[in-house]
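Notes to accompany the following structure.
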Ligand SMILES: O=C([O-])CC(=O)C(=O)O
Ligand SMILES: [Mg+2]
């Protein structure tokens, strides 16, 4: 059943951040068909290594919460910092609804949360909204909760942790589409996210075409090696 839109919970995640950045142009035609390539994040990680980009994260730090899923899409970033006021005095600082309102279908939410995994910034209600908005996946350097609801919705989520404890009143959403730190790497809005069971990579749009060319070569090479066995 769809959650009620009437009560105060309908407002969770609607807070407006102080800073909203601009999404760059990204030629998404380049990533057509990537999702069907076996071992995708590993190949992308190798290519990023070759090109000198340190923007790949191991699944050890950001495990997929829905095994077997592969997501490729443009990053809409969300940045949280610790609330400055004590929980009793703080408002709901979650901003995922505001972020989804400016996202396009197929985008991936990339969230700098508490960086530890103790406080949730994304749960069942947020997941319902994400599915309605056509969000392709969610990456959280922090925690998510309501895993049963997220799984029932089949929304692919990668997160550092899972918790029952909400980040509402503990974290403040300060920016949408601003650079964020995710498991030690810098992610910018418009980076192409490639996430599967091995890890999460972020491809800067300025090298997307070159990554696409190298991915084709690498995929052909691996297919030939497998055929010749
Ligand atoms: O408070 C949170 O972490 C968000 C939450 O539970 C939800 O979206 O259902
Ligand atoms: Mg919830």
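Numbers run from 1 along the shown chain.
Placement of Cβ uses the backbone N, Cα and C atoms for every residue, glycine included.
According to TrEMBL, the protein has these features:
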BINDING   123, 124, 125, 126, 145  substrate binding site
BINDING   146  Mg(2+) binding site
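Here the features listed in TrEMBL are placed on the structure.
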{"residue": "123", "record": "substrate binding site", "Cβ within 10 Å": "24"}
{"residue": "124", "record": "substrate binding site", "Cβ within 10 Å": "19"}
{"residue": "125", "record": "substrate binding site", "Cβ within 10 Å": "19"}
{"residue": "126", "record": "substrate binding site", "Cβ within 10 Å": "28"}
{"residue": "145", "record": "substrate binding site", "Cβ within 10 Å": "22"}
{"residue": "146", "record": "Mg(2+) binding site", "Cβ within 10 Å": "19"}
Neighbourhood of the substrate site (123, 124, 125, 126, 145): other residues with Cβ within 8 Å of the Cβ centroid, in order?
120, 122, 127, 128, 144, 146, 149, 150
Listed binding-site residues are 123, 126, 146; which sit with C-beta under 6 angstroms of ligand 2?
123, 146
Roughly how many Å lie between the Cα atoms of residue 125 (substrate binding site) and residue 146 (Mg(2+) binding site), rounded to a whole value?
9
Cα-Cα distance linking residue 146 (Mg(2+) binding site) and residue 123 (substrate binding site), given in Å to the nearest integer:
5
Just the number: how many Å between the Cα atoms of residue 146 (Mg(2+) binding site) and residue 124 (substrate binding site)?
5
If you run the three-state DSSP split on residue 125 (substrate binding site), which class comes out?
helix
Among 123, 124, 125, 126, 145, the record's substrate binders - longest CA distance, Å:
10
